[in-house]
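Student: The following block contains the structure, expressed as structure tokens.
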Amino acid sequence: MGIGNENKGFITASADALINWVRTGSLWPVTTGLACCAVEMMHAGAARYDLDRFGIVFRPSPRQSDVLIVAGTLCNKMAPALRQVYDQMPDPKWVISMGSCANGGGYYHYSYSVVRGCDRIIPVDIYVPGCPPTAEALVYGIIQLQNKIIRKDTIARK
């Protein structure tokens, strides 16, 4: 009816739902353990919280991953390497910023060598607060990322 009105067809809407459902069940993160938050990230991947039940398998290579978890303090010298890892990931890709230091610099905010948030280097989809955030907080952040992926239009033109 109006200029901004978009009608997605049945096939497009169904394919979007199917593709996004499949993506949420097979998130493969590459990890950047920059500080103490990495310990909690490993804790989340261990037996008690078992991220495998969500279809999350940690990958050693960014070329095999679709989620980047930035866990810890990002220093100025590490920023180009983080950007390179992000650029090597295939599309679609998502980023989780884990911990106060990755979110905004944390305790080291006023240090000369710290990037005040990894969102200055790469686009961030989900922020997990805390110093360090618990494994439950990371699991909750991953569930929020899955909800964000489900709501995304994959094939429909905008």
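Even glycines carry a Cβ here, placed using N, Cα and C.
These came from Swiss-Prot, pasted as-is:
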| type | residues | note |
| --- | --- | --- |
| BINDING | Cys36, Cys37, Cys101, Cys131 | [4Fe-4S] cluster binding site |
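Thinking about packing and proximity, how do these listed features fit into the structure?
Tutor: Neighbour density for Cys36 ([4Fe-4S] cluster binding site): within 10 A of its CB lie 14 other CB atoms from the protein chains shown.
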Student: Using a 10 angstroms cut-off on Cβ to Cβ distances, just flag whichever of Cys37, Cys131 is the loneliest among these binding-site residues.
Tutor: Cys131
Student: Residues near the [4Fe-4S] cluster site, Cys36, Cys37, Cys101, Cys131 excluded, by Cβ within 8 Å of the Cβ center?
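Tutor: My list of surrounding residues reads Ala35, Ala71, Gly72, Thr73, Met98, Gly99, Ser100, Ala102, Gly106, Gly130, Pro132, Pro133.
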